[in-house]
Structures are given as C-alpha cells and as structure tokens.
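Colleague: Take this structure first; my questions come after.
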Amino acid sequence: AAAIDTPVLELRETLMGKYGEDTKLIYELQDQGGELLALRYDLTVPFARYLAMNKITNMKRYHVAKVYRRDNPAMTRGRYREFYQCDFDIAGHFDPMIPDAECLKKVRLGGFCVNDRRILNGVFAVCGVPENKFVPACSTVDKLDKVPWDEVRSEMVGEKGLSPEAADRIGEYVQLHGGLELIERLLQDPKLSQNKLAKEGLGDMKLLFEYLTLFGITGKISFDLSLARGLDYYTGVIFEAVLLQQENEHVEEPVSVGSVAGGGRYDGLVGMFDPKGRKVPCVGVSIGIERIFSILEQRLEASEEKVRTTETQVLVASAQKKLLEERLKLISELWDAGIKAEMLYKKNPKLLNQLQYCEDTGIPLVAIVGEQELKDGVVKLRIVATREEVNVRRESLVEEIRIRTSQC
C-alpha cells in the first residue's frame, strides 16, 4: 500500500455527522483564524475527504498517526487524549468481497467478528423498527459486547423509543453467531429472505466466507449479528478483532483489552465530499496501536521474558587485557560489512561484564578476541541464548554472523 498523511486539523463540518453517538468525543477548536476546526477523530474520514478533493478513484493506502478524542464529553473545553492508530484501506470499484477478504487476511490479530450493516438494517426492518430509528438502534446494539441483553433492551425501549415487541424480536436475531451454516440458515429465514437489504448482505457474507475459506482463516472468523460498529459511515461488511485468549502457555489467565482492530465498508463516505456526489467504494481496517502495546506489555510482564532493546547483532568483546586495538580493528571490519555491532567503551572491560551486557540488552552474539584466537586467525563466536561457543575463521565471520542472526 502507499503511505499517505493527512492533516491533524480538519474543518469542523468535515467531521460532524459521521460518528454517531461518538460525535461528542470530537475535540473542537473554536474560530481559529476565522475557521471552525477540530482535531481528527479517526483516519478514515480524512482519507475519504482526501480522495474526493484529489479526484482519486483507485488507491490502496496505509497511514500510521495520532488521532484525538475529547477526554470529557460533558465539557465544551478541556483536555483531549491522543491515540496512535494504523489504518489500511482499499478504495476503488472492484468485484464484491475480494478487497474485504484481503483486509481480514492481512490483519493477523487473532479472531475477527464480522457482520454487515445491510443485514442489521434488514433485521430492524423485519422487526418493525421505523427507518429513522435504524441508526439509534444500531448504536445500542453495538453495546452488546459490554453489557447484557437485558440492559440493551431496556435502552432500546426506554431511551431510543422502540416498542417492547420490536426489541424482543431484535433480540432473537442479534444474539446469534456462527459461520457459514448460520448464513445459510438466515438466507432461508422467512422474514429476512424477503428483505432486499438483508438478502444482499447475506449474499455478500456468504461470498466473503467462501474467499476466507480459500485464505484458510475461517476458523478465526465468527459471523456475529450483535456486531454493529456505531459509526454512521459504514454501509456494508463490518468487522472487529478482539483478543481474549492468552497464547503464552506460561500464563494461566487470559488477557483481554477489548477490541484491538475494527473496520468495514464505507461506500458512501467519499461522495459526501465530492461536489458532484461521485462515490468511490472503500473498505478498510483500523488497528489500535495503544491497545496492542498494552497486550504486549502484559504478556512480557507475565512471561518474565527480557525485552530486546537494541538491533545490535553482535558485541565485540575481549577475553584479556590490552586488546582494545584488536577490538577496534574487528568492529571496524564488521561495520564496513554492514553488521550492526557494538563494544563497551572501556580499555579493559571484564569478560563477565561484557557477557552480562548482552544478556541485559538481548544482543544474540558475542565475537570474542583473545591472544590465542589472534594467533590462530579465528574469532570465538558465542551464542548468548545457549552459551555455545564456536571458532570461526576471521574471513568467514561476517557470513557466519549473518546466518546466525537470520535464525534469531
């Protein structure tokens, strides 16, 4: 994909009306230089605006950058929070579900839940929900991963104005999850099969699962009718990655930080910014880098593994005193060959201290020069992890280091 960057600041009107209930989290900057601005809430809306302004109809892009959310939605002023995010998007007119399948294949973060906004809207329609309440109902269903159905139902009826009968009918659908067999069953559902939107969504979902089967990842994909993704701009397939299970065998308790990635299809968003309303179909996924690091930190802490803090491939060490010149000669040879090497900045460091430095920083190899090695024309190469030592001819050292570090 091509790397692009978009401004941290967007016009306020660009961001408003795209995020559903999350609109209140947009951090506005009132009247800066005569314009009403806001800090970008995500990377998707600015990307759609970029496509429209530059009349781009075909692009695969990625973007790693900060996004900003209001810390306290109740305050018109106040503080905001920063989050690092990575987006991958495919824009253009392509055959159905091929780009969507690629997004799911390329983001290897555990299991994905998938759904389709058209299926969800079809469910609302057959359950008797008025069309003007689809979006509020969708925002409420999106909370099912955090609160039980009884609370979701109560909000639908008490706050969103749905009838108790409609809420009960919705509950029969949105608590279903499965795979291709569930899709087949819903295609035969007497109500959903008569709804045009639901039928289109289920057809595309079936096609998506066929492609995912070819990719060999259906075991990690769950078709979940409770998945709603509360943002307003989604128009078709939606997906979300949640890491629940700790894969490290040394840890008994699972690590859960909720959703770590999410995305979907937003075929109408670019058209909102095009003067002639020309649409560019898009699908993409956003990865929450902050949450990924939270998982990594917890796993490292639990496993008690040492974190490698350097890319250094080898430490040049000496076994006896008065060998600084020989260490400098050897490290110069390694640097000239493109090897990432370092040494301790002492004339006569103790060998034990040099080896301990490698242990602490995660340097995988030690190249040891000593009086006997110099006489024999060899370098003693020590593998830090196993403490194995082998003598390597000096002229072969660079190649041996490359072979050994390629296996780390």
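Using the three backbone atoms N, Cα and C, a Cβ is placed for every residue, glycine included.
Copying in the features that TrEMBL gives for the protein in this structure:
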| type | residues | note |
| --- | --- | --- |
| BINDING | Asp42, Leu43, Thr44, Arg69, Gln85, Asp89, Arg229, Tyr233, Tyr234 | L-histidine binding site |
| DOMAIN | 4-292 | domain 'Class II Histidinyl-tRNA synthetase (HisRS)-like catalytic core' |
| DOMAIN | 313-402 | domain 'Anticodon-binding' |
Colleague: Please compute the mean pLDDT of the model over the domain 'Class II Histidinyl-tRNA synthetase (HisRS)-like catalytic core' (4-292).
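Modeller: Here the predicted model's pLDDT, averaged over the domain 'Class II Histidinyl-tRNA synthetase (HisRS)-like catalytic core' (4-292), is 89.
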Colleague: Where among the binding-site residues Thr44, Gln85 do you find the Cβ with the fewest other Cβ atoms within 10 Å?
Modeller: Gln85
Colleague: Given a 10 Å Cβ-Cβ cut-off, pick out the one of the binding-site residues Asp42, Arg229, Tyr234 that has the most other Cβ atoms nearby.
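Modeller: When each Cβ's neighbours within 10 Å are tallied, Tyr234 leads.
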